[in-house]
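One structure below.
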Amino acid sequence: MGKLVIISAPSGTGKSTLINRLRAEHPDLRLRFSVSATSRPPRGEERDGVEYYFFSQADFEAKIKQGEFLEYEEVYSGRYYGTLRSEVERCFQAGDNVIFDVDYVGAQNIKRAYGSSALSIFIKPPSIEELRRRLTGRSTDSPEVIEERVAKAAEELLHADRFDRVLINDDLETCYQDLYQLVSSFLSGS
């Protein structure tokens, strides 16, 4: 059976950059994202089973009741996103490990389901002030959105101690090397 790597971090900590680099530079780790499920309709050229598994709200809610989701979230009324247990098993059958980029609630649900077969990592910014500076430097969000993200980050940081490992991204290269060492050791069983 494959293993799971769960990474959670506030917006602006470099999580996506770190995950994408890890997957690109180390295909030998066989880390793949599972295809998520959603109750929203497809957009543009999106295809069922490729970008997402698309379900009606009623079908999604039925799958929740039947325990088919490893984790899910109602982003807003009637709009769900989640990970099907069957999708994780499909990845394992293909000989892959699964990497997750999820919030702390999803991370805890996945860890609870897979125990020692899952490594949970929380990536922290060096400080809330530095996070605010990074988010402002992106120039992609309004000041109001930045403050919402900073407030959400402060909430997320309260849960960092629930993870197997915590990394502080005060230097991207150092954090990347630390992440690679953790994941590589975990997947190799050493």
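Note: Cβ is positioned from N, Cα and C throughout, glycine not excepted.
The domain 'Guanylate kinase-like' annotation in TrEMBL covers 2-184. The feature ATP binding site is assigned by TrEMBL to ALA9, PRO10, SER11, GLY12, THR13, GLY14, LYS15, SER16.
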*Count the other Cβ atoms sitting within 10 Å of the Cβ of GLY12 (ATP binding site), across every protein chain shown.*
22
_Neighbour-count leader, CB within 10 A, binding-site residues: SER11, THR13, SER16_ = THR13
*Other same-chain residues whose Cβ falls within 8 Å of the Cβ centroid of ALA9, PRO10, SER11, GLY12, THR13, GLY14, LYS15, SER16, the recorded ATP site, in sequence order*: ILE123, PRO125, ASN169
*Which residues in the same chain, at least 6 apart in sequence, have a Cβ under 8 Å from the Cβ of PRO10 (ATP binding site)?*
LYS124, PRO125, LEU131, ARG149, LYS152, ALA153, GLU156, LEU157
*Using Cβ-Cβ distances, find the residues under 8 Å from GLY14 (ATP binding site) that belong to the same chain and are at least 6 apart in sequence, listing them in sequence order.*
ILE123, ASN169, LEU172, CYS175
